[in-house]
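Visitor: Mind looking over this structure? Questions follow.
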Amino acid sequence: MSVLAAEWIKFRTLRSSWWALGIGVLVSLALTVLGAATVIGRWDPARTSDQAAMGIVVAVYVGVVLAQLPLGMLGTMTIAGEHASGMIDTTFVAMPSRVRVLLAKAAVLGGAAVGASLLISVPGYLFGRFVAAAYRPSLLPAGAWTVIAGGTLMIVVTTLLGLALGALLRNGAVATAVLMAIVLVLPALVVNLPWGEQVSRLLPAYPALQLIEQVPDIMPDWAAFAVLAAWGVLPLLLAAARYAVQARR
């Protein structure tokens, strides 16, 4: 049996995996509807074009932000839990290549996160678009693919970052705290600092919001995609390097 197949079996047979995915999707969709409904309740006919765009942004971004916690925790606990219980040693006996195990876990988690994020981003976009169209269809913003891709990529990156932090720190609670600090706390802390905007562009939340909100002259789409991809890939490479070094001892 390949390491990828083994990790998939391990993932799908754990009820906690499906609970995390289910809670993430359902809660995010519920708050997506609530967020868009708030925009409707404050609708100003004089600012229809702005609110048409904002209705879609709120519908997608609220869902993305809320999904980060359960899916990020799923990422950290997938491997930190194995380290805590000692099950990881059995895994490494069956598959001596620690890097391959990590990459297999990343592939399984990444695939699950893509599915969950599409279940959040696509309905969120369609609902926001439906709400906006009910008021002024001609003023609907373009760029559906960047809105959906931005929301999807943010959730996937958060999940993979959680996996990398779990592998590096090997403590689920600490890894989750660090993850939430990176994706939720730091953006709010640095925004009012003199150099806050420059730092914000290097954190995952800002590029994701750029792709969803499509604010001109702030960050090109390619740069936003690059920053998000870096947050998903570089920590995993660091964790893989640590595993590779430990395997040689």
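Every residue gets a Cβ built from N, Cα and C, even glycine.
Pulled these features from TrEMBL for this protein:
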type	residues	note
TRANSMEM	18-40	transmembrane segment
TRANSMEM	52-80	transmembrane segment
TRANSMEM	101-122	transmembrane segment
TRANSMEM	142-165	transmembrane segment
TRANSMEM	172-195	transmembrane segment
TRANSMEM	222-245	transmembrane segment
Visitor: For the transmembrane segment (101-122), could you work out the same-chain residues 6 or more beyond its ends whose Cβ comes under 8 Å from its Cβ atoms?
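Guide: Contacts with the transmembrane segment (101-122): 3-4, 6-8, 11, 17, 21, 24-25, 28-29, 32, 60, 63-64, 67, 71, 74-75, 78-79, 91-92, 95, 147-148, 151-156, 158-160, 163, 167, 236, 239-240, 243.
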Visitor: Counting only residues 6+ away from its ends, which parts of the chain sit with a Cβ under 8 Å from the transmembrane segment (142-165)?
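Guide: Apart from its flanks, the transmembrane segment (142-165) reaches 56-57, 60-61, 63-64, 67-68, 71-76, 78-79, 102, 105-106, 109-110, 112-114, 116-118, 120-122, 124-125, 129, 175-176, 178-179, 182-183, 204-205, 207-212, 214, 221, 224-225, 228-229, 231-233, 235-236, 238-239.
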